[in-house]
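Encoded as structure tokens, the structure appears first; notes follow it.
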Amino acid sequence: MTGDPPERRSNGDRLPAERPPSNEGQTPPRKPGRNEPGSPPDWRVTPAPDGRGTPRRGRNGGGMRPFRFPGGRWGILVFILVLLGLNWWISSNALAPSERVRVPYSPNFIQQVRDGNVKEISSTGASIQGDFRADVTYPPKDDKDSVTAKKFSTEVPAFADTDELSKLLQDNDVTVNASPADNGPSLLVSILLGFGPVILIIALFVFLSRRMAGAAGGGMMSFGRSRARRSEGGEAQVTFRDVAGIDEAEAELNEIVDFLKNPQKYQRLGGKIPKGVLLSGQPGTGKTLLARAVAGEAGVPFFSMSASEFVEMIVGVGASRVRDLFRQAKEAAPAIIFIDELDAIGRARGGGRGSFGGNDEREQTLNQILTEMDGFEPTTAVIVIAATNRPEILDAALLRPGRFDRRVTVAAPDRNGRLMILKVHTRSVPLADDVDLESIASSTPGMVGADLANLVNEAALLAARRGHVKVTNSDVADALEKVVLGAERKVMMSDDDRRRTAYHESGHAIVGMLTAGADPVRKVSIIPRGQALGVTFSSPDADKYNYDERYLVGKIKVALGGRVAEEIVFGDLTTGAESDIQQLTGIARQMVGRWGMSRAIGPIAVLPSEGNGPLLPGVAETSESTQRLVDEEVRRIVDSAHAEVTRLLREHRANLDSLVAGLLDQETLDEADAYEAAGLEHMRPERVEPPAPRPSRRDGGRSVAAGPVPHGLEAPERPAQIAAPGADEPEPPTNGSGELGGSVRAGDA
């Protein structure tokens, strides 16, 4: 279990998506030439055939560029059509004879000779071609197929008297030419005319495929090659100096570093280093950073690849890439193989999660990984590091001794861890004297390393936009609000909407102030921000690692405060409490079905955990009567809390009205001002005050956010899924299978 992020409930309205900055009107900078100083390296380089990541250079020293046909795919299609059309024209028109009139041998041809209208003939076998002295039309002009021309052709029948024809031609002074019979075009010409265009098209595609193969590292034949990115030990700029806030995980990995540096030290004593290390933890905790730091500290080659990159639509490619990756790592040993998001291919086999029988490509890839890890010799200095956010769904064969037998949980940092992370990320950021990193660490429970890095970056961008020389305390505070809630919106709400929003948020705040064990109220606001029309911030005084029943019931009461306040004051309801209802229902269901906080159910888990579904799809794990009893217990807890909140707000109606008046006047009230406006004494213990009390989002999935609970009226039909930076401990769901904190859904205001 880990610490709580601040919680929030909100009056939701969707913030329009921000437009990306436009480059319109700007003159694009001239790109430096390939050989000019300061020019960036050409990214279109291909890995060397040895797979070691050495770029293959072209003749001019630059990277080999992939060939791009003008016009893309359409250009290629047009080019092919032009070739086919050219072939048809050559065969049909270019070699076709000029226009001639074809006349019968008898009586037309013979009659034209006798009339003296034949000037010259050329005889080729039985074919006669020649020229008339005057135009001849055949067939007659009234025929639609008639042709008029001086050139003619005819065929001499086999039974014709050639001697008589010869005498007739001589008598009429006709010039006679003769040539041997033409048996058609030569074999070479026929081949060129018939297959030339096809051969040309094939040659074009071969040329294009070779160019693309050179640019993509092998083209079609590279499917089975590993696509792992390799970085040498000297190139890795990440070391344990860049890792902070996760000392326990760092200590676990130091032994791996020592083995890679001094393997003889362990082999001499018969020790065997773990073949695989599994890093698990919520997103953003630094699993990938840890793996790179191990490679950087050890100074060995680092092969990194996402598990999803192994699988392609071609069967067998995943297993082939696994073999190639491990082959490269063994050749470069000592080395580290890092597989990110292992659950993409390492999901447990069987159990109804996929095809029953059948040949699943992911299973082939998983089997190949298991085989390769079994094939490591005890002296092979190759360490496999994998990262996953969901270790509970991994196949048991991956986790047995001899494979990923060392498991390192990378948890969300505590307050001291967050302070160390902030120091790492602010090394290159000039901070003003009023920035207190300890206060920031205290005000960000539940945030992980990625969230804190984003916070520092947003603060730096905000300071630059404001023209500050250094990042100030106000920059950090405003950046934290923006990261958690989004930017402020200029929304013109009616007086009635502002008043209803003020009562909704004040209801959350008053219940939080008067409920024992609830998180302190840090800030109340009716200024629209992000997807909220108003928010109430709550956060614990210190990181929480466990939750008692009183605390969880208190969270349910605070979630009901806004809805009950509307009932009391306006006598009707709105859809603005949708996310509140989802959140309190999720807490109550987990109290009954997972945490054993119901005497009627007892210490029995009747809600399936996220990683362990039913054995077969559609098969329930609990009986209908048990499920009905769970629903009854959930209703009992919620109804009891609703009655208590109604009594509390009726008794303190004056405090509620007073806080609403302060909100309508000031719009935003900090912790001290909120208690003063409500007329209640602040009995909370002293705590280190952050630069501005802010909530932290929680992991939308599996953790309880004990932090600020933004209470809210959400906007109409605008669902808003808020993913948290992370929580320090497991968190109850917002619905029957989800968790509290993290899922904030906007309703209809």
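Each residue, glycine too, has its Cβ placed from N, Cα and C.
Taken from Swiss-Prot, the feature topological domain 'Cytoplasmic' covers 1-75, 208-749. According to Swiss-Prot, the transmembrane segment annotation covers 76-96, 187-207. Sequence annotations record features per position, and here Swiss-Prot assigns topological domain 'Extracellular' to 97-186. Per Swiss-Prot, ATP binding site is recorded for G281, Q282, P283, G284, T285, G286, K287, T288. Per Swiss-Prot, the feature Zn(2+) binding site maps to H504, H508, D580; the stated evidence is sequence analysis. The active site annotation in Swiss-Prot covers E505.
Overlay of Swiss-Prot feature records on the structure.
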residue	record	contacts (Cβ under 8 Å, 6+ apart)
G281	ATP binding site	K287, N389, T409, V410, A411, A412
G286	ATP binding site	V243, G245, I246, V410, V448, G449, A450
T288	ATP binding site	S304, F338, D340, A387
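The two recorded residues, Q282 (ATP binding site) and H504 (Zn(2+) binding site), have Cα atoms 33 Å apart. The candidate set comprises the binding-site residues Q282, T285. Of these, T285 has the most other Cβ atoms within 10 Å. Here the binding-site residues are P283, G284; the one with the fewest Cβ atoms within 10 Å of its Cβ is P283. Neighbours of K287 (ATP binding site), defined as other CB atoms within 10 A of its CB across all chains, total 26.
Helix, strand and coil content of the topological domain 'Extracellular' (97-186), in residues and according to DSSP, is 20 helix, 35 strand, 35 coil.
Each residue contributes its Cα atom, and for H508 (Zn(2+) binding site) and G284 (ATP binding site) those atoms are 31 Å apart.
Secondary structure from DSSP puts H508 (Zn(2+) binding site) in a helix. Looking only at the recorded positions E505, D580, the densest Cβ neighbourhood within 10 Å occurs at E505. The average per-residue pLDDT of the prediction over the topological domain 'Cytoplasmic' (208-749) is 76, rounded to a whole number. For H504 (Zn(2+) binding site), the Cβ neighbour count at a 10 Å cut-off comes to 34, with all displayed protein chains included. Looking only at the recorded positions H504, E505, D580, the one with its C-alpha closest to P283 (ATP binding site) is D580. The Cβ neighbour count for H508 (Zn(2+) binding site), using a 10 Å radius and every protein chain shown, is 33.
For E505 (active site), the nearest of the binding-site residues G284, T285, D580 in terms of C-alpha separation is D580. According to DSSP, T288 (ATP binding site) sits within a helical segment.
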